Amino acid sequence: MSRLQQVTVLGATGSVGLSTLDVIARHPERYQVFALTGFSRLSELLALCVRHVPRYAVVPEAVAARGLQDDLRAAGLSTQVLVGEAGLCQVSADPEVDTVVAAIVGAAGLRPTLAAVDAGKKILLANKEALVMSGALFMQAVRKSGAVLLPLDSEHNAIFQCMPGDFARGLSQVGVRRILLTASGGPFRQTPLAELEHVSPDQACAHPNWSMGRKISVDSASMMNKGLELIEACWLFDARPDQVEVVIHPQSVIHSLVDYVDGSVLAQLGNPDMRTPIANALAWPERIDSGVAPLDLFAIARLDFEAPDEQRFPCLRLAREAAEAGNSAPAMLNAANEVAVAAFLERRIRFPEIASIIEDVLSREPVVAVNELSAVFEADTKARALTEQWLSRNAR
Ligand code: NDP
Ligand code: MG
């Protein structure tokens, strides 16, 4: 490798951000941190800057920026602090940057991720909400700029690894029959339905196999995460929703599979640790050590599979319907979900109400075409407003 790859980590203080920095720190001969961004955990961001010495750090507002800038100077660092969405877009598009890790959670990640796409970067995408919201426009922008889009989501990274190199020619052209998207089923796979009314945010966030941020943990408990991933898979691999089948696999050892017309089914296996897909995408097409322990098949002993129960997990049905409707529907679904999950985490609603709210919001608005980004944000804003109205009508 001729020179160090310059990496921007959007959402560095989060779960995926920290796993990324762990892998990067194992390979100082390959990677240099160019920029780190945080939102609320700013003392953690300071510590990460001291550890990785980036050129830039980005925080949401000016007062926090001044505080962090003073602390960085006191620590003897020349890291420059930038502010807000403009700062995020700047460190995504800077000509010196090679790779952008998109690991901000939710719709807030869309514009900075698109800035990296438009600048033709190598993008490691964890922020599935960005792609769900704006799929067609996002993929058009990737094709136009020649950006290299690599999935970090463990399932999509697995599918990517099981696809032939020329899958962009079309799934039928390369002999793929369907994608089998695995799901653990989350912490409530076997909880009696009546008890779901009373589950707490901490119970929802106690994922059996993965350690993740709170929003995606609730999404995993409701299986909205798998619904968002279904939409994500359709865009990444140019698949129709009926070509993606969700399979519950409670051990989370098989991270997804690709079924070919000749009957071959290729799977990617590994311990459930995000450092594997991160290392795979960072080094692609090479392979590097990720720090993940080798898989011990004797300790795992068995792999189970079952069909998802859409009565237990209505969010999965809602996401599939949004995938089929296309246009503004996925952006509305995503926005209603973000607001509903935040309300659940604040104990303003019960767990099953997440799905009820989303269904109610989606039924109130017709699906409209989204030919430009402003239409995506309009759909997002409308769904957030409708969800807030539901919350105030049904205030506890
Ligand atoms: P976390 O909540 O742990 O981290 C989110 C990151 O985004 C933090 O750095 C946070 O900053 C930052 N952030 C939050 N809100 C904003 C905002 N409004 N503007 C700018 N930055 C913001 O989430 P995860 O790391 O778990 O997930 C990140 C993304 O990756 C999500 O889209 C998720 O779906 C996806 N993903 C995560 C996986 C996982 O294993 N965790 C697996 C697959 C996908 P701060 O912490 O300082 O507030
Ligand atoms: Mg996933």
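One-based numbering along the chain as shown.
Backbone N, Cα and C atoms are what each Cβ position is placed from, and that goes for glycine too.
Under the heading domain '1-deoxy-D-xylulose 5-phosphate reductoisomerase N-terminal', TrEMBL lists 7-135.
Counting every protein chain shown, 19 other Cβ atoms lie within 10 Å of the Cβ of Ser15 (NADPH binding site). Among the features that TrEMBL reports, NADPH binding site is placed at Thr13, Gly14, Ser15, Val16, Asn127, Glu129, Gly213.
Of all Cβ atoms in the shown protein chains, 27 besides its own fall within 10 Å of the Cβ of Lys128 (1-deoxy-D-xylulose 5-phosphate binding site). For Lys128, Ser154, Glu155, Ser184, His207, Ser220, Asn225, Lys226, Glu229, the entry in TrEMBL reads 1-deoxy-D-xylulose 5-phosphate binding site.
As annotated by TrEMBL, domain '1-deoxy-D-xylulose 5-phosphate reductoisomerase C-terminal' applies to 149-237.
Marked as Mn(2+) binding site by TrEMBL: Asp153, Glu155, Glu229. Of all Cβ atoms in the protein chains displayed, 27 besides its own lie within 10 Å of the Cβ of Glu155 (1-deoxy-D-xylulose 5-phosphate binding site).
What TrEMBL lists as domain 'DXP reductoisomerase C-terminal' is 269-385.
You'll find the Cα of His207 (1-deoxy-D-xylulose 5-phosphate binding site) roughly 16 Å from the Cα of Asp153 (Mn(2+) binding site). The subset of binding-site residues (Thr13, Gly14, Ser15, Val16) lying with their Cα within 10 Å of the Cα of Glu229 (1-deoxy-D-xylulose 5-phosphate binding site) is empty, i.e. none.
Pairwise Cα distances among Lys128, Ser154, Glu155, Ser184, His207, Ser220, Asn225, Lys226, Glu229, the recorded 1-deoxy-D-xylulose 5-phosphate-binding residues, top out at 19 Å. Its Cβ taken as reference, Val16 (NADPH binding site) is surrounded by 28 other Cβ atoms within 10 Å in the chains shown. Sequence-distant neighbours of Asn127 (NADPH binding site) (same chain, six or more apart, CB under 8 Å from its CB) are Leu10, Gly11, Ala102, Ala103, Ile104, Val105, Gly106, Gly109, Leu110, Thr113, listed in sequence order.
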